[in-house]
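Have a look at the structure below, then the notes.
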Amino acid sequence: MNVIEIFASIDGEGSRQGLLTTFLRLHDCNIRCSYCDTTYSYGIDSTFTDMTVREVADAIESLGNHRITITGGEPLLQEAAVVELIDELNRRKSAKLEDEPCTDIKSTTGINVSVDAQDVLDSESLYDFNIETNGTIIPSFHRENVWFTYDYKTPSSLAEKSMNLDIFKVSREQDLIKFVVGSVEDLDCMRHMINQYPTKAQIYVSPVWGKIEAAAIIDYMNEHNLQNVRFQLQIHKFVWDPDAKGV
Ligand SMILES: Nc1nc2[nH]cc(C(=O)O)c2c(=O)[nH]1
Ligand code: SF4
Ligand SMILES: [Mg+2]
């Protein structure tokens, strides 16, 4: 696998915002968004490490989180290896759970579980994989513990023509479609797409960093009564330097 970075952080966006997550950022992207914040993941200046699936699994395992986000770049450019990795990690976790007696805690504690026991539960539970993909590629696999965050690239990205509109059709309740918007034209595009292409996915909207006031997006949501759109800021951009890597 061509790997840019593997790190533990909190997920800065999406449905598990704020929760500890391990990130695997894969090399290369098939589009070039005008506002890309991870240009180091592709192009001739990009440095990546060629790692085996086992080496990547070792690195992820050693960080201890059970929430994993696979991002890029565009991670589905390495789909076969991604599937191999998920299967490898799932196999390792199942083997561990079978070996360890404390799995009983699950069935006996119920909701009033103590903080310590909750930590055990969290570290022992199955992996939960989010694949952050750019909306140009329809994944050709499914696993029970894998869901997808599809970006819809609006006009100011200059990449909208590459969007695969089937993302609206194939996505499920656990999947997200995320509109990153930098202008009113982008918001109009989002409103048009969600009216035109009904989907089961959860719809999120976030500003392109530094391009549009957050309040302008919320005003727009009010004005157009967008009841099923969730506004979100990428919190990692507030916690760390917006250009920092590995966070
Ligand atoms: N903390 C943190 N959360 C993130 N959520 C999605 C990210 C991404 O780069 O895709 C990301 C990231 O790079 N850092
Ligand atoms: S899809 Fe993501 S990584 Fe690729 S150019 Fe757009 S923002 Fe950058
Ligand atoms: Mg991303």
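Just so you know, glycine gets a Cβ as well, placed from its N, Cα and C.
Nobody curates TrEMBL annotations by hand; they come from automatic prediction.
As annotated by TrEMBL, substrate binding site applies to I10, D11, G12, R25, T71. TrEMBL lists 16-242 with the feature domain 'Radical SAM core'. Taken from TrEMBL, the feature [4Fe-4S] cluster binding site covers C29, C33, C36. For Y35, C36, D37, G73, the entry in TrEMBL reads S-adenosyl-L-methionine binding site. Here TrEMBL flags T38 as Mg(2+) binding site.
Structure coloured by features recorded in TrEMBL.
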residue: G12; record: substrate binding site; CB count, 10 Å: 20
residue: R25; record: substrate binding site; CB count, 10 Å: 22
residue: C29; record: [4Fe-4S] cluster binding site; CB count, 10 Å: 22
residue: C33; record: [4Fe-4S] cluster binding site; CB count, 10 Å: 21
residue: Y35; record: S-adenosyl-L-methionine binding site; CB count, 10 Å: 15
residue: C36; record: [4Fe-4S] cluster binding site; CB count, 10 Å: 15
residue: D37; record: S-adenosyl-L-methionine binding site; CB count, 10 Å: 14
residue: T38; record: Mg(2+) binding site; CB count, 10 Å: 17
residue: T71; record: substrate binding site; CB count, 10 Å: 20
residue: G73; record: S-adenosyl-L-methionine binding site; CB count, 10 Å: 24
Output field, [4Fe-4S] cluster shell: CB within 8 Å of site CB centroid, site C29, C33, C36 dropped: I31, R32, Y35, T38, T39, Y42, N134, S157, A159
Among I10, D11, the most crowded of the binding-site residues [Cβ within 10 Å]: D11
Environment of I10, D11, G12, R25, T71, the listed substrate site - residues of the same chain whose CB lies within 8 A of the CB centroid: S9, E13, T21, F23, T69, E132, H236
Extra residues within 8 Å (Cβ to Cβ centroid of Y35, C36, D37, G73), S-adenosyl-L-methionine: C29, C33, T38, T39, S41
Spatially closest candidate among Y35, T38, G73, the listed binding-site residues, to C29 ([4Fe-4S] cluster binding site) (Cα to Cα): G73
Three-class DSSP secondary structure - T71 (substrate binding site): strand
Cα within 10 Å of C33 ([4Fe-4S] cluster binding site) - qualifying binding-site residues among I10, D11, G12, R25, T71, G73: none
Close binding-site residues near R25 (substrate binding site), where close means Cα within 10 Å, chosen from Y35, C36, D37, G73: G73
From binding-site residues D11, G12, T71, G73, the one whose Cα lies nearest C36 ([4Fe-4S] cluster binding site): G73
Within the predicted model, mean pLDDT of the domain 'Radical SAM core' (16-242): 92
Cβ under 6 Å from ligand 1: qualifying binding-site residues of C36, T71, G73: T71
Three-state secondary structure, I10 (substrate binding site) (per DSSP): strand
Entries of D11, R25, D37, T71 (binding-site residues) sitting next to ligand 3, with Cβ under 6 Å as the cut-off: T71
Separation of alpha carbons, T71 (substrate binding site) and Y35 (S-adenosyl-L-methionine binding site) (Å): 17
